[in-house]
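The block underneath contains the structure these notes are about, expressed in structure tokens.
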Amino acid sequence: MPRKAKVVKDLKHFPKYATRQKNRCPICGRPRGFLRRFNMCRLCFREMALSGEITGVRKSSW
């Protein structure tokens, strides 16, 4: 029984929306439009890509 009580106690410390906390842009804190590959939101990605701060990223044109 003590082990079960410890597990229940540990579960109370987890945030309710853990995924939303994890997938936030570290630059602006935006929770939506998150790009996992670059670990930032789409707006910060666009600004940094256009200014040339992200290597290997170019604006596409055809």
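Backbone N, Cα and C atoms are what each Cβ position is placed from, and that goes for glycine too.
Annotated features in Swiss-Prot:
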{"type": "BINDING", "residues": "Cys25, Cys28, Cys41, Cys44", "note": "Zn(2+) binding site"}
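Locations of recorded Swiss-Prot features on the structure.
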residue: Cys25; record: Zn(2+) binding site; CB count, 10 Å: 20
residue: Cys28; record: Zn(2+) binding site; CB count, 10 Å: 11
residue: Cys41; record: Zn(2+) binding site; CB count, 10 Å: 22
residue: Cys44; record: Zn(2+) binding site; CB count, 10 Å: 21
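Other than the site residues Cys25, Cys28, Cys41, Cys44, same-chain residues with C-beta atoms no more than 8 angstroms from the centre of those residues' C-beta atoms, the Zn(2+) site, are Pro26, Ile27, Gly29, Arg30, Gly33, Phe34, Met40, Arg42, Leu43, Phe45.
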